[in-house]
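Presented below is the structure to which this report refers.
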Amino acid sequence: MDVTIQHPWFKRTLGPFYPSRLFDQFFGEGLFEYDLLPFLSSTISPYYRQSLFRTVLDSGISEVRSDRDKFVIFLDVKHFSPEDLTVKVQDDFVEIHGKHNERQDDHGYISREFHRRYRLPSNVDQSALSCSLSADGMLTFSGPKIQTGLDATHERAIPVAREEKPSSAPSS
């Protein structure tokens with residue numbers, strides 16, 4: 001038996017103060033009444049569903065880990081192929097850019113683009129950076145740490161390698 005979970009009354013009555021999913025990065029997946037009429041949220045059916053209850057990995061949020069031995073970035077890019085991704089290091093920043101042209105999906109035509117920029121710790125060995133894309137669409141960018149930082153005043157492209165196994169990133 002399917003039971004729809006109603007959101008708490010205090011979240012429904014906040015109206016325009018409660019974030020809409022209208023500008024989420026999941027374009028083409030359809031909108032709910034709340035997305036178009038947030039000021040009427042308390043009068044709309046209490047059985048609508050909001051995007052804030054999606055899983056972390058489904059939301060495209062990245063995870064950055066920096067421990068004593070290495071620096072790692074996990075980024076969900078399941079809608080992109082390795083050819084759609086560009087990863088480069090410029091000065092002490094890593095820039096990840098993804099773009100695919102318009103293509104058809106279940107809801108019509110869609111094109112996507114994102115740009116993420118992360119500061120590299122000064123003690124990351126920039127000559128040993130690597131980047132891979134798992135079969136489930138998790139991009140993993142990593143680099144070992146060294147005792148003293150290298151001079152990071154140049155730009156260098158980092159190739160994206162495809163892995164056949166799913167990512168080992170946590171699903172939070």
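Glycine residues also receive a Cβ, built from the backbone N, Cα and C atoms like all the rest.
Record features (Swiss-Prot):
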{"type": "BINDING", "residues": "His100, Glu102", "note": "Zn(2+) 1 binding site"}
{"type": "BINDING", "residues": "His107", "note": "Zn(2+) 2 binding site"}
{"type": "BINDING", "residues": "His154", "note": "Zn(2+) 3 binding site"}
{"type": "DOMAIN", "residues": "52-163", "note": "domain 'sHSP'"}
{"type": "MOD_RES", "residues": "Gln6", "note": "deamidated glutamine"}
{"type": "MOD_RES", "residues": "Gln50", "note": "deamidated glutamine"}
{"type": "MOD_RES", "residues": "Lys70", "note": "N6-acetyllysine"}
{"type": "MOD_RES", "residues": "Gln90", "note": "deamidated glutamine"}
{"type": "MOD_RES", "residues": "Lys99", "note": "N6-acetyllysine"}
{"type": "MOD_RES", "residues": "Gln147", "note": "deamidated glutamine"}
{"type": "REGION", "residues": "1-63", "note": "region 'Required for complex formation with BFSP1 and BFSP2'"}
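Here the features listed in Swiss-Prot are placed on the structure.
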residue	record	Cβ neighbours (10 Å)
Lys70	N6-acetyllysine	15
Gln90	deamidated glutamine	14
Lys99	N6-acetyllysine	13
His100	Zn(2+) 1 binding site	15
Glu102	Zn(2+) 1 binding site	9
His107	Zn(2+) 2 binding site	10
From recorded positions Lys70, Gln90, His107, the one whose Cα lies nearest His100 (Zn(2+) 1 binding site): His107
Candidate nearest His107 (Zn(2+) 2 binding site) in space, where candidates are the modified residues Lys70, Gln90, Lys99 and distance is Cα-Cα: Lys99
Gln90 (deamidated glutamine) and Glu102 (Zn(2+) 1 binding site), distance between Cα atoms, whole Å: 29
Helix, strand and coil counts within the domain 'sHSP' (52-163) (DSSP): 11 helix, 61 strand, 40 coil
Within the predicted model, mean pLDDT of the domain 'sHSP' (52-163): 84
